[in-house]
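Worksheet: the structure to be examined is printed underneath.
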Amino acid sequence: MNSLSSCPLCNFYPNFRPKPIIRRDVRPPICTGEETNLKWTNLKRNLTPEERMAISRLPKMMANRCKALMKKLICFNSQDENLHLLLAAWVKTMKPTRADWLAVLKEMKKIEHPLYIEVYEYALLEDTFEANVRDYTKLIHTFGKQNNLHRAEGTLDNMKRRGFILDLVTLTTLIDMYSKAGDLKHAKEIFDEIKLLGIDYDKRAYGSMVMAYIRADMLEEAESLIKESEAREIYTGTEVYKALLRAYSNKGDSKGAQRVFDSIQYARVVPDSRICALLVNAYCLAGQTSEARCVIENMRRAGLRPCERCVTLIIDAYEKDNSLDKALDFLIEMEKDGIAISQDILGVLQGWFDKIGVKEEMDEILKEVSRLR
């Protein structure tokens with residue numbers, strides 16, 4: 001018997017059809033596409049404990065399509081799989097957006113995945129990644145940190161072929177790269193190219209070129225460029241000033257060190273004890289112990305506590321001058337100001353007294369220093 005004919009209303013109203021009964025506790029299935037993703041992420045072999053741990057640490061909020069690729073990359077075997085085919089399949093199946101690419105690259109960089117650069121290079125050529133100038137600049141910077149100039153220049157050529165125009169950030173990155181590689185010639189060419197393009201220099205461009213001169217041991221050119229930037233009221237970073245001051249200091253060029261020290265204050269940077277120690281070192285190496293002592297006194301007037309390095313430099317200088325009385329007076333002043341005398345400094349004194357044959361006097365001085373503490 002037909003189920004409809006068993007309904008009393010159907011006998012009187014032929015067009016009547018009863019509504020189906022819907023159970024409220026049963027939800028209809030929703031197609032999310034995860035079935036496809038699940039098949040795509042099936043792994044062909046058993047996972048190692050390290051791979052399982054890496055997969056378990058993937059961000060919970062990461063999109064499924066990104067997790068699918070990350071799982072494949074974590075378990076990737078270059079002998080059995082092709083990276084480009086894997087990425088092409090992911091693009092075709094998952095239709096990723098730029099945000100998806102960035103999420104994958106961020107996670108790969110975080111876990112220091114060995115295929116990070118290869119995936120980055122592939123992404124730059126993908127329309128879905130929507131590459132821009134900054135993306136290429138980041139990759140050039142990465143190659144620069146690895147001192148891989150060949151691949152950095154190759155990335156630059158690819159960037160130009162695709163019609164991207166170099167901006168100040170990219171050019172500054174190139175200066176920094178050539179500077180760290182010791183290639184002053186190319187760094188200078190890029191720096192001059194910025195001017196030819198009509199782009200105004202900023203503090204980073206000036207700073208990168210100054211560092212290139214410092215690494216090439218051309219300190220006068222570096223100082224001249226700093227003065228040029230200061231004349232335009234553009235001040236390079238504190239680290240650049242410190243690098244130039246350190247270079248002069250290590251050479252024992254007290255005049256150059258003093259000029260840079262003055263420039264630091266002109267650039268509205270308040271010198272700390274480490275910066276002052278570089279100036280003290282310059283005077284000590286130049287044999288100008290009195291001037292080094294004046295720097296220490298100026299530090300104390302400015303409320304700066306001389307660091308252990310400063311005290312050690314002064315004691316070493318007094319030892320070279322064979323000025324024992326001045327060295328002891330200096331140490332007593334430091335102790336009265338609450339500056340602790342380290343064991344290294346006391347060791348210098350011990351060796352000094354051994355040389356002049358007054359070891360017993362050394363014991364008395366150590367007792368006096370201990371009493372002052």
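A Cβ is built for glycine as well, from the same backbone N, Cα and C atoms used for every other residue.
Noted in TrEMBL for the protein shown:
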type	residues	note
REPEAT	132-166	repeat 'PPR'
REPEAT	167-201	repeat 'PPR'
REPEAT	237-271	repeat 'PPR'
REPEAT	272-306	repeat 'PPR'
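Taking DSSP states H, G and I as helix and E and B as strand, the repeat 'PPR' (167-201) has 26 helix, 0 strand, 9 coil. Across the repeat 'PPR' (167-201), mean pLDDT in this model comes to 96. Under DSSP, residues within the repeat 'PPR' (272-306) fall into helix, strand and coil as 26 helix, 0 strand, 9 coil.
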